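K.L.:
Straight out of Swiss-Prot:
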- N109: N-linked glycosylation site (CARBOHYD)
- 31-60: region 'SAHS-c1' (REGION)
- 75-103: region 'SAHS-c2' (REGION)
- 116-165: region 'SAHS-c3' (REGION)
- 1-19: signal peptide (SIGNAL)
Amino acid sequence: MSRAAVAIALLGCVVAAYGAPAEGHDDAKAEWTGKSWMGKWESTDRIENFDAFISALGLPLEQYGGNHKTFHKIWKEGDHYHHQISVPDKNYKNDVNFKLNEEGTTQHNNTEIKYKYTEDGGNLKAEVHVPSRNKVIHDEYKVNGDELEKTYKVGDVTAKRWYKKSSSS
């Protein structure tokens, strides 16, 4: 798997970099409420230990460290959810389609990626297995009011990033 693909994934949701775009998405059918983590989120300047997280993945800091404006959109459509991530300054946008508690598998550059979203105590969690890198990445999305705190973990390294509710599309 390319370093660029891994880095783009880490800037938002690791899973999103490997998911396929939503087929036939209809904004009129999108549900934006019902779970605290659903909605539109925009990254703030608050970030902790992200460079250490990038290093733990074996990626070069000069290329992938730092703070890039990132947007998350999480909504429900029918019996499944979408998690769309965009990083405008990297020209990146992707959408992963998932059902809670069900494993998804996809391919990226001929590499198998397995992921699973769950909900625990009202928080959204994503676990991503990247066998070719021998890595398991854990993401957790916790909401306090209009703020979402995302925790990234790989091995014994933890990083955090904060997002605010956004009205932008």
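Every residue, even glycine, has its Cβ placed from backbone N, Cα and C.
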K.L.:
As a quick check of your reading of DSSP, tell me how many residues in the region 'SAHS-c3' (116-165) are helical, how many are strand and how many are coil.
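P.N.:
Once the DSSP states are binned, the region 'SAHS-c3' (116-165) shows 3 helix, 40 strand, 7 coil.
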K.L.:
Residues sitting near the region 'SAHS-c1' (31-60): Cβ under 8 Å, six or more positions beyond its termini, same chain?
P.N.:
3, 6-7, 10, 66-77, 81, 119, 122-124, 133, 135, 141, 143, 148, 152, 154-155, 157-169
K.L.:
Averaged over the whole of the region 'SAHS-c1' (31-60), what is the pLDDT?
P.N.:
92
